[in-house]
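K.L.:
Pasting a structure below so you can have a look.
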Amino acid sequence: MALLQLYIVRHGETAWNRERRIQGQLDVPLNEVGTIQAASVGRALKDVHFIKAFSSDLQRASKTAEAILQYHPAVQLVKDEALRERYMGELEGELVHSVKSAPSKETAEALIKRCYTWYTRSIIGYILSRIEEGSPAERSRGPECILVVSHGALISTLIRALLGSKMVLCARGLVVGHCMNTGVSVIDYCIRRGGRDRHLMGTLVRYSDVTHLVHTESVEDNADELVQ
């Protein structure tokens, strides 16, 4: 059984998602569909044992996180600028089909570095501290869980970087494709032993699962992910 689980959720839909307009770090709110999606993912995760929660400080992410945490009133939400979407510079507000050069946009390398820095500080550091206190799974009815609500390009970049570095393995048969609005990705963490050594190992067991959106039409792609 996993010691801890990391739930990574993309925010609900915005009007700009539907228009295929690049949002970047502009603070675009959820639209009506996005609010419904946030409520749906909240209901889907109401029985998960969350002990800690993070979100981007942009309202489309923080409002989605708040919809989830209404079922977990004891969990405080930490809003972090490091979880914002990729900064897209002059492209922010533009339709994806009219994309032009944007010298000021955040580079792929800078985004990966931002992801790694946040993940190491906020997730790995916390998990290791919990393990030092004793196995979390032994103190609860199941794995303790951490919630992260962020944005499509950041989530896909983080997960692909972790898989590429072998810090996280991918469950057999799992496909890492588009990151959908309120898509739920889950990483299980356990301790692997090799002789006298112990290693923290993560396994991606779900990616952008939107089975909770059975009655909602979803936008299939994300303008912020399409721009390289």
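Backbone N, Cα and C atoms are what each Cβ position is placed from, and that goes for glycine too.
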K.L.:
With ARG10, HIS11, GLY12, GLU13, THR14, ALA15, TRP16, ASN17 listed by TrEMBL as substrate-binding, which of these, ARG60, ARG84, is given for the same site?
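P.N.:
So, going by the record in TrEMBL, that would be ARG60.
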K.L.:
Take the C-alpha atoms of TRP16 (substrate binding site) and GLU85 (active site, proton donor/acceptor) and report the distance between them in angstrom, rounded.
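P.N.:
About 14 Å separate the Cα atoms of these two residues.
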K.L.:
In Å, how large is the greatest distance between any two Cα atoms among ARG10, HIS11, GLY12, GLU13, THR14, ALA15, TRP16, ASN17, ARG60, the listed binders of substrate?
P.N.:
15
K.L.:
Which entry in the list of recorded positions, ARG10, HIS11, has its Cβ near the fewest other Cβ atoms, using 10 Å as the limit?
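P.N.:
Across ARG10, HIS11, these recorded positions, the one with fewest Cβ atoms within 10 Å is ARG10.
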K.L.:
If you count Cβ atoms within 10 Å of the Cβ of TRP16 (substrate binding site), leaving out that atom itself, what do you get?
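P.N.:
Around TRP16 (substrate binding site), other Cβ atoms within 10 Å: 21.
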K.L.:
In whole Å, note down how far the CA of GLU85 (active site, proton donor/acceptor) lies from the CA of GLY12 (substrate binding site).
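P.N.:
Distance between the two Cα atoms comes out at 14 Å.
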K.L.:
Could you measure between ARG60 (substrate binding site) and HIS11 (active site, tele-phosphohistidine intermediate) for me? Cα positions, answer in whole angstrom.
P.N.:
6
